[in-house]
Amino acid sequence: MEPQDDNPSQPGVARPGGPPARPAAGSADVPRRPWVVGVSGASGTPYAASVVRGLLAAGEAVDLIVSRASRLTLLDETGISFRDAHWRADLREWLARGADGKPGTFGITDADLDLVRYWPAGDLAAGPSSGSYPVKGMLIVPASTACVAGVALGLSKDLLQRVASVTLKERRRLVVAVRETPLNGQTLRHLVTLDEAGAVVVPASPAFYAGATHIQDLVDFVAGRVLDAADVPHRLYRRWEGELGSGSKEGN
Ligand SMILES: Cc1cc2nc3c(=O)[nH]c(=O)nc-3n(C[C@H](O)[C@H](O)[C@H](O)COP(=O)(O)O)c2cc1C
């Protein structure tokens with residue numbers, strides 16, 4: 001099926017009877033090969049926003065899947081109602097919001113949004129549900145324990161879980177930013193299963209050595225570690241350089 005789109009001029013999308021698809025922004029001759037970002041219903045929607053911003057800043061295309069449950073966490077954490085029919089406007093508002101809840105903290109342009117395709121979580125015929133659809137891999141951020149279980153067991157109960165299974169069977173990079181505490185034995189076993197299947201498990205646990213002074217710094221640290229696991233270059237956090245005490249220096 002075609003992606004949900006409330007912007008008829010979105011690049012890369014050919015419509016029956018419409019004009020031929022034009023290439024995605026910034027990639028005139030290069031075939032589009034996106035990262036799939038799956039947002040599941042764990043707390044931590046600012047992590048997802050930071051990862052998507054990081055991908056877009058690196059010039060990467062993004063295929064976005066937002067689980068049904070994650071609409072509740074997004075509403076709870078940002079006040080944004082995410083709507084399939086208006087995903088572009090809702091995503092713009094979400095990406096622009098700071099982790100402290102301040103609207104308009106980040107400038108999100110049309111060119112940024114042109115790099116994104118949105119697929120409804122119930123659309124099991126969506127492009128990325130097939131291994132033949134070209135993607136670089138998938139980042140699940142945040143990952144709920146239900147999502148971790150579903151992927152570990154291969155349930156494919158929605159598009160997000162199906163794409164994760166496809167990513168594993170195609171031996172592509174799968175990064176799972178699990179968010180829950182404490183973790184029970186069942187989830188720990190599922191995480192081991194994912195690790196053994198080749199996924200990279202990145203717990204959403206911020207570190208304090210990078211000199212964080214704001215909530216955004218802590219969010220960006222986790223998002224940066226997710227992007228590290230995908231080999232996507234970014235400047236979301238300050239890397240450890242072997243000097244003890246640098247995280248507490250004045251002016252950080
Ligand atoms: C406000 C809110 C916060 C939640 N936070 C978490 C969480 O941090 N971790 C988690 O595993 N589940 C959390 N849940 C529960 C999941 O949303 C629930 O298990 C859901 O079935 C996950 O579905 P999904 O994986 O398809 O998105 C939360 C639910 C709500 C409503």
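For all residues, glycine too, the Cβ spot is worked out from N, Cα and C.
TrEMBL annotations: computationally assigned, not manually curated.
Per TrEMBL, the feature region 'Disordered' maps to 1-29.
Taken from TrEMBL, the feature compositional bias 'Polar residues' covers 1-10.
Feature annotation from TrEMBL assigns domain 'Flavoprotein' to 35-229.
For Gly41, Ala42, Ser43, Ser67, Arg179, the entry in TrEMBL reads FMN binding site. On its own chain, Ser43 (FMN binding site) has Thr73, Glu77, Pro142, Arg179 as residues at least 6 apart in sequence with a Cβ closer than 8 Å to its own Cβ. A coil conformation is recorded for Ser43 (FMN binding site) in the three-state DSSP classification, outside any helix or strand.
DSSP assigns Arg225 (dimethylallyl phosphate binding site) to a helical segment in the three-state reduction. Annotated dimethylallyl phosphate binding site per TrEMBL: Tyr209, Arg225, in sequence order.
Listed binding-site residues: Ser43, Tyr209, Arg225. Those with a CB atom under 6 Å from ligand 1: Ser43.
Looking only at Cα atoms, Tyr209 (dimethylallyl phosphate binding site) sits nearest to Ala42 among the binding-site residues Gly41, Ala42, Ser67. Among the binding-site residues listed (Gly41, Ala42, Ser67), Ala42 has its Cα nearest to the Cα of Arg225 (dimethylallyl phosphate binding site).
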